[in-house]
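Features as listed in TrEMBL:
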- 6-121: domain 'Response regulatory' (DOMAIN)
- Asp54: 4-aspartylphosphate (MOD_RES)
- 150-367: domain 'Histidine kinase' (DOMAIN)
- 400-514: domain 'Response regulatory' (DOMAIN)
- Asp449: 4-aspartylphosphate (MOD_RES)
- 526-621: domain 'HPt' (DOMAIN)
- His565: phosphohistidine (MOD_RES)
Amino acid sequence: MSERAHLLLVDDEKTNLKVLAELLRSDYRIRLAQNGQQALEKCRQQPPDLILMDVLMPGMDGFETLKALRFDTLTAQIPVIFITGLQSADHEQQGLQLGAQDYIHKPFHAEVVKARVATQLKLIRQRQELQLLSEQLTQANEAKSRFLATISHEIRTPLASVIGYAEAILAGEFAANEQLQAIQTICQNGKHLQALLNDLLDLSKIAANKLDIELLPVNLCQLAAEISALLQDKARQKGLEFQFDYQLPLPAMVKTDPTRLKQILLNLCNNAIKFTEQGFVRVLISRTDGQLQFAVSDSGIGIAPDQQQKLFHAFGQADVSVQRQYGGTGLGLVIARQLCEKLGGQLQLQSSSPAGSCFVAAINLDVLPDSIWLQQPSDILEQQQRAAPTPLPRQQMRGRILLAEDQNDTRQLLVRMLQHAGLDVTAVENGELLVETALTGDFDLILSDIQMPKMDGVAAIALLRAAGIDTPCVALTANTMTHEVQSYLAAGFATHLAKPVDRNKFAAVLSHFLGGQHHRQQLQLPAAELEAMTARFVQTLPGQMAELQQNCLQADWSAARYQAHALKGTAALFGLTDLSLLASELEQQLLQSGAVQPEIKTTVQQLCQRLQDQSKQLAVG
């Protein structure tokens, strides 16, 4: 109750009414009634927050009036305090049994009356807040249920496509000239699943306030060119005009997080293209009041006013019918807004109509001291030409690689990828063998997993550095939080690659340390070989699951954590996203549970069973 509470005072004695009114008027809004019937009429016209009522009144006494109030649904919930000269315990008991909240004897003490009124109003406010919270929790649970159903659909649909096409290829149902298209479909759906997983992980990091920002120099024209290159084909397929515009003057170079800024703009532009059937999608870059703004406008379906408030809510999408028609989870805008805030700005829906929408992403404008300024269109063209990479002739990879990876299937796949690219590979399965092999051999590059038995990757590389071995080392890990990466660098790693390994980034790292220009195609195994390796991995799943289940039943949580972590990475590398997600969920439960309480143990066992069921489905397939 933000405004003053409304009290109704009921007494047949005018003197009593006057005394009570004078006592309470400074803190509350007061209305008066001189009998029960009058009180009922005033309550129906405008229900008060609280009634203070005498018992002995002509016509209809206080007890009868309270009965009538409780009988009427409009007035049944109004709290009542009796103020009466009746002193017997029987009368007090009768009043409380009828539903009165309190019973004050006359003559009363002014401070007691004020305290009891304040107490009842506080209880009323708390009940209202609890009711509101209950309604909000109900709505949140319903929204989460819809969200989980959407996520399930978003995972199962592409996963069904991946499994279906893979099974058809293994069964020989595609002719040789049809297999490439089938593999491309598998790849596209795998990327969709990876993007969904990244969104879920970002949302989790945001909720835990662990989303890291890395501020680096960014060329605005180059950023625009990269986004255009990614989206032009998609826009062209729908017959849409897609372009970047610049409101000059603008700095050529700013300092921000390029990965997160690109994530924001790709989300907004992808949404605009998705919801636009004809016309245009434009991005206007401008600056105002110390902020850099990106206004993404389109000529699409627009957003109804009553749906706009839902846009930036987690677990919600503006319109369920729109979600059914266009797909998507509704996570993108939630994440984009949080990222804008992390970059010192905000994301807003500036306008929306049946003719389209305009989202404005603003970030802090941090101009690099030596940045030139774009004053005219020719300056933009010059920057774009400078940013364009000069194509170099493709070279065959050359070099000796030492690979340390404890998971056999992952190790075999990485070895074959590197060998296929022309590299000489020596592979070991733990940190001890990594140190021993590196000390006795001559290698151009070391690739090492982090979590390995006997000796982990960090300890192994630290020993090599202490022994004077300066061969460049790259960490292969699913742990990519900033503080984790910093610990790898401190131990002697030169850089890291996130699992599952992105072939473009893998090729870039190899180019950096081995020289020359390498391409992801050089790391691409023949489809038949990759399918055979995937099939062999799937065949090992029942045994792995039986061992994992046994470790959980025996409460060997350390072994279970290790197995879940290993399965997460290997499944992701083979493109088995659903299995990887379940393994990741199990690993997180085990990491967070510490000594594992009984209720956590139950949850872990349930997850383990789900993981086992999923592995059986894959093995049968």
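The backbone N, Cα and C atoms fix where each Cβ goes, glycine too.
Bear in mind that TrEMBL entries carry predicted annotations, made automatically and left uncurated.
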Where does Asp54 (4-aspartylphosphate) sit in DSSP terms: helix, strand, or coil? coil
If you measure between the CA atoms of the residue listed as 'phosphohistidine' and Asp449 (4-aspartylphosphate) and round to the nearest Å, you get 12
The sparsest Cβ environment within 10 Å, among the modified residues Asp449, His565, is found at His565
Just how many other Cβ atoms lie inside 10 Å of the Cβ on Asp54 (4-aspartylphosphate)? 25
Within the domain 'Histidine kinase' (150-367), what mean pLDDT does the predicted structure show? 80
Just to verify a number: CA distance, Asp54 (4-aspartylphosphate) to Asp449 (4-aspartylphosphate), in angstrom, no decimals. 81
Helix, strand, coil residue numbers for the domain 'Response regulatory' (6-121) per DSSP? 52 helix, 23 strand, 41 coil
What does DSSP call His565 (phosphohistidine) in the simple three-state scheme? helix
Give the helix, strand or coil assignment DSSP yields for Asp449 (4-aspartylphosphate). strand
